Amino acid sequence: MEFTVIDYSIFALLLLLSSAIGLFYALSGDRQRTMQEFLLANRSMGFLPVTLSLLATFQSAVAILGAPAEIYHFGTEYWFLGCSYFLGLLIPAHIFIPVFYRLRITSAYEYLELRFNKTVRIFGTITFIFQMVIYMGVVLYAPALALNAVTGFDLWSAVLTMGLVCTLYTTLGGLKAVIWTDVFQTLVMFAGQLAVIVVGAQRVGGMARVWHLAEQEGKISGIDLNPDPFERHTFWTLAVGGVFMMLSLYGVNQAQVQRYLSSRSEREARLSCYAVFPCQQIVLCLSCLTGLVMFVYDREHTLAAGNRPKSSDQLVLYFVMDVLKDLPGLPGLFVACLFSGCLSTISSAFNSLATVTMEDLVRPHCPRLSEAQATLLSKLLALGYGLLCLGMAYVSSMLGPVLQAAISIFGMVGGPLLGLFCLGMFFPCANPTGAVVGLLAGLAMAFWVGIGSLMRSMGAAAGTPPPNSTMLPTMGNLTTVLATTLLAPTEAPKSPTGLQKFYSLSYMWYSAHNSTTVIVVGLLVSLLTGPTPAASVDPRTIYPVLPHLLCCLPQKYRQKLCCGVGFPDQNADTVDAVLKTNGVPNGLPHPGPGQQEQEEGQGYIRAAGAPAYAVQETSF
């Protein structure tokens with residue numbers, strides 16, 4: 001099916017409005033002249049735009065294509081992933097957000113220097129940059145390739161237009177432009193998916209009939225309580241393993257942490273995390289309903305053999321082009337929906353990469369940079385990462401089968417980074433050596449299991465992956481989508497043994513497995529090399545999770561679990577009020593020629609000796 005002028009116009013309107021938002025924030029307010037405005041939107045955002053931006057950041061085009069295909073092939077068991085959203089968002093709201101927000105940091109990896117040392121911070125930063133650089137080109141190229149295969153939409157015109165527009169508004173408008181374009185693009189995504197569901201259901205007799213026929217065909221899944229971690233999808237795999245996946249996304253990922261830190265208060269940041277819960281449930285429902293409608297529609301309107309999709313990532317597009325072919329403008333709306341997901345994801349990647357590069361790698365080594373110079377350099381970094389994204393998209397086009405491994409690498413990093421932050425935040429005895437060794441062990445485990453699973457799936461008979469394999473695991477929603485979709489229904493394989501059994505671990509347990517590896521190895525190494533003395537631990541960097549979980553124990557035993565670190569209580573409202581009263585600055589001044597690196601709460605390593613903490617900066 002060829003696009004009409006109306007379809008192209010709708011697509012062009014999306015790009016035009018996205019660019020206009022960037023230009024508006026480039027020319028309004030302080031015109032992005034300070035680091036606080038460019039990287040943190042002056043810490044002035046309300047909870048609603050932050051909520052929709054949190055939702056859009058990893059609701060990529062690949063997710064929009066992938067989740068319905070998962071339902072089409074395997075039924076609604078994937079829907080139980082929604083059970084993991086409750087704890088997966090509640091824990092960040094009550095643990096990670098208070099710690100990060102009260103430290104008044106800009107980059108999540110500044111926390112690692114406050115908790116451990118500069119070496120751990122650099123290791124975390126480099127790991128994150130590697131993860132995002134691999135990912136951003138693929139997430140731009142992959143959906144454009146699928147769209148080109150189905151509709152004839154010019155591949156490189158789409159890639160270049162999207163990449164340049166996204167680079168433009170990210171570089172000019174900063175985080176505020178990124179957040180507000182995310183809001184606009186989220187609404188476009190909802191509209192596109194809703195249009196497909198409504199029209200598709202109407203073509204097959206209504207949603208009630210869709211559900212009835214899907215139930216007859218066995219696509220409506222019951223609750224599978226099998227605890228086997230090697231089963232691809234069970235209730236426990238999705239509801240429990242999914243919690244760790246959500247924590248790696250909404251707890252410690254820089255793209256999301258940066259949005260929390262842009263909120264005008266800690267209360268607003270936590271509220272945005274709460275509000276994402278119903279939004280995520282709506283997104284999941286839309287994806288699952290699209291898959292069911294697509295399944296029933298395909299049974300009653302079978303495409304000719306020559307028009308069948310060649311891979312599952314094209315399935316949704318073939319369905320959309322067929323069901324909307326008589327409605328000019330709606331195919332264009334869905335393409336706008338698809339590329340809204342792409343824009344929101346890569347713009348977040350550009351902005352977060354510019355932030356961590358500037359805050360973690362440049363400013364600590366160039367303390368004499370003025371505010372204007374630092375802001376200009378941040379914009380140039382955003383521009384540079386935008387151009388690098390186009391280069392990575394071109395590299396992705398030449399990878400062929402290796403493209404699957406490139407995407408897999410992205411997903412392998414989320415779990416170890418989660419483990420590194422949990423090691424520092426929950427275990428006061430952990431030391432820098434344990435943190436570095438634990439991170440390396442977690443990454444080694446992640447690559448071992450992930451690449452082993454990938455090689456096993458690529459070597460399967462007839463090129464069909466085993467049902468537990470992770471063909472394209474990535475992060476967050478992308479983890480659950482890519483790792484579960486580009487798969488075809490298969491007959492049950494022979495039960496694997498030995499390492500093959502280990503490689504068949506369900507991809508939903510990857511984050512839990514890899515983060516646990518980091519924590520266990522990190523604690524063992526810390527105990528062997530000497531735990532961190534209580535006097536050297538900044539209590540603002542610790543969340544006493546064990547004393548809270550074991551609250552029934554006597555006070556003296558709970559104090560021992562804190563390893564001698566004290567935690568004075570303060571709630572979020574008190575902290576917000578005190579921060580305003582005492583005028584704690586939004587900016588994070590870097591140590592200049594006349595400053596010593598002992599400013600508590602400014603994201604820098606502490607001076608030796610017993611630390612002193614101002615009351616208004618105390619976390620707990």
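A Cβ is built for glycine as well, from the same backbone N, Cα and C atoms used for every other residue.
Taken verbatim from TrEMBL:
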| type | residues | note |
| --- | --- | --- |
| TRANSMEM | 6-27 | transmembrane segment |
| TRANSMEM | 47-66 | transmembrane segment |
| TRANSMEM | 78-101 | transmembrane segment |
| TRANSMEM | 122-143 | transmembrane segment |
| TRANSMEM | 155-175 | transmembrane segment |
| TRANSMEM | 187-205 | transmembrane segment |
| TRANSMEM | 234-252 | transmembrane segment |
| TRANSMEM | 273-297 | transmembrane segment |
| TRANSMEM | 333-356 | transmembrane segment |
| TRANSMEM | 376-396 | transmembrane segment |
| TRANSMEM | 402-427 | transmembrane segment |
| TRANSMEM | 434-451 | transmembrane segment |
Next item on the list: For the transmembrane segment (234-252) and the transmembrane segment (122-143), check the count of CB pairs under 8 Å (sequence separation 6 or more) and say whether it reaches 3 or more.
Entry: no
Notebook entry, point to check: Can you say which of 6-27, 78-101, 122-143, 187-205, 333-356 has the most Cβ pairs under 8 Å with the transmembrane segment (155-175)?
Noted result: 6-27
Next item on the list: Compare 78-101, 122-143, 187-205, 376-396 by their Cβ pairs under 8 Å to the transmembrane segment (47-66) and return the stretch that comes out on top.
Entry: 122-143
Check: Taking pairs 6 or more apart in sequence, does the count of Cβ pairs under 8 Å between the transmembrane segment (78-101) and the transmembrane segment (273-297) hit 3 or more?
Finding: yes
Notebook entry, point to check: Any chance the transmembrane segment (187-205) and the transmembrane segment (434-451) have 3 or more Cβ pairs under 8 A, given the pairs are 6 or more apart in sequence?
Noted result: no
Notebook entry, point to check: Who are the long-range neighbours of the transmembrane segment (6-27) in its own chain, taking Cβ under 8 Å and residues 6 or more past its ends?
Noted result: 161-162, 165-166, 168-174, 176-177, 180-181, 184-185, 188, 328-329, 331-333, 335-336, 339-340, 343
